[in-house]
């Protein structure tokens with residue numbers, strides 16, 4: 001792709017088309033904004049699945065490969081979610097059965113006995129009477145949240161549908177989309193290639209690296225919990241995966257509460273083993289992450305922390321991956337801008353102020369830089385030198401003219417001496433021979 005002409009000049013020559021393009025871009029952004037997080041989720045999933053798409057295209061068409069990956073993604077996301085919800089619902093039902101008496105009523109003594117088994121002695125009747133109003137307010141808030149979640153189900157379904165279509169389109173035509181973006185973005189091709197390479201590195205670190213680290217830690221901790229006989233291993237492993245995506249928490253947020261629970265119930269040996277094993281799992285992040293992500297100078301810890309939490313607020317759950325990329329991309333773009341601005345050639349211009357004799361003066365255009373004009377073109381009379389040179393030049397011209405009118409005797413003498421001219425005056429012998437030949441012809 002050839003380098004583009006200077007953007008400022010191009011935009012200045014086509015103001016109408018420029019304004020129309022800006023308006024179209026703004027309107028398109030307004031259409032995307034309501035489902036921006038779902039569009040970004042599709043972009044993240046497509047980035048993860050592009051290598052698999054390229055591999056499948058060796059054996060089938062791009063359409064079939066994209067449809068297959070979309071189907072696998074839906075199953076991979078829905079099945080674990082359905083399983084977790086089913087486990088949580090079953091555990092909730094078991095809890096309700098435990099705290100009820102034979103008639104189906106809530107038995108406070110059963111709750112108190114369960115709390116005493118883990119080392120807590122609480123009078124629930126007194127506790128409820130003391131904190132009745134805050135408890136009622138909290139329950140009302142939970143009810144309102146449940147209503148909002150139920151009311152947002154249609155919007156969630158539409159958003160996930162948008163994600164599926166974006167994922168399919170990027171898997172099938174992702175290469176064409178990248179080429180289109182390279183044509184649309186109004187910067188030089190070499191700078192755009194450098195920017196895309198840096199963003200690709202950030203995407204790899206944020207998406208693939210963090211997800212892989214979270215999966216590895218969740219599997220490792222799940223194996224340890226299963227060996228120790230901890231119940232609900234699958235649920236705790238899923239929670240570990242979610243916590244491992246968050247900075248400053250990780251697997252630490254799972255094995256520490258479980259260890260405290262084991263200590264509270266008197267299981268000191270399993271608790272000690274879990275503390276040691278959990279510490280190893282948490283420390284593995286220090287070695288696994290650099291091995292998967294590699295060198296990322298712009299992807300430092302500050303960008304990770306601020307990008308993840310800020311991304312959660314702005315983009316929702318997908319902000320876990322997009323937030324660091326957006327923040328890191330902004331840093332890369334500003335670094336690129338500062339570098340190009342520092343390397344830009346600075347024009348050398350003379351600035352003169354009124355009454356300043358030291359201002360830079362421009363030299364006359366003589367064809368060569370630094371060439372001085374002829375002496376006959378000088379306008380300044382420096383002590384009569386200019387007039388003297390002019391008189392000498394005029395005298396030389398008059399002398400040359402007189403020589404032309406006089407026939408240049410000096411040159412004529414030299415020519416006569418050498419005898420090399422072609423005229424009759426310069427070669428008399430040749431003329432006599434020619435006349436003799438003519439008389440002989442007439443006699444015949």
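Positions of Cβ are set from backbone N, Cα and C atoms, glycine also.
Just so you know, TrEMBL annotations are computer predictions that nobody has curated.
What TrEMBL records for 20-50 (among others) is transmembrane segment. Cβ atoms under 8 Å from those of the transmembrane segment (20-50) belong to residues 69, 73, 158-160, 162-167, 170-171, 174, 203, 207-208, 211, 315-319, 321-322 of the same chain, restricted to positions at least 6 beyond its ends.
Tertiary neighbourhood of the transmembrane segment (62-86): same-chain residues 45, 49, 52-53, 56, 164, 167-168, 171-172, 234-235, 238, selected by CB-CB distance under 8 Å and a gap of 6+ residues from either end. Per TrEMBL, the feature transmembrane segment maps to 62-86 (among others).
The transmembrane segment annotation in TrEMBL covers 149-171 (among others). Residues 35, 37-39, 41-43, 45-46, 49-50, 53, 62, 65-67, 69-70, 73-74, 177 of the same chain lie 6+ residues outside the transmembrane segment (149-171) yet bring a C-beta within less than 8 angstroms of a C-beta in it.
Among the features that TrEMBL reports, transmembrane segment is placed at 202-227 (among others). Sequence-distant neighbours of the transmembrane segment (202-227) (same chain, 6+ residues past either end, Cβ-Cβ under 8 Å): 44, 47-48, 233-234, 236-238, 240-242, 244-245, 250-251, 254-255, 258, 274, 277-278, 281-282, 284-285, 288-289, 292-294, 296, 298-299, 307, 320-322, 324-325, 328-329, 332.
Taken from TrEMBL, the feature transmembrane segment covers 233-255 (among others).
The annotation transmembrane segment is assigned in TrEMBL to 262-282 (among others).
Taken from TrEMBL, the feature transmembrane segment covers 302-327 (among others). When Cβ-Cβ distances below 8 Å are used as the criterion, the transmembrane segment (302-327) is approached by residues 36-38, 40-41, 44, 199, 202-203, 205-207, 210-211, 245-248 of the same chain, each at least six residues removed from its ends.
The region 'Disordered' annotation in TrEMBL covers 345-444.
Among the features that TrEMBL reports, compositional bias 'Acidic residues' is placed at 374-390 (among others).
The compositional bias 'Acidic residues' annotation in TrEMBL covers 409-423 (among others).
The compositional bias 'Acidic residues' annotation in TrEMBL covers 430-444 (among others).
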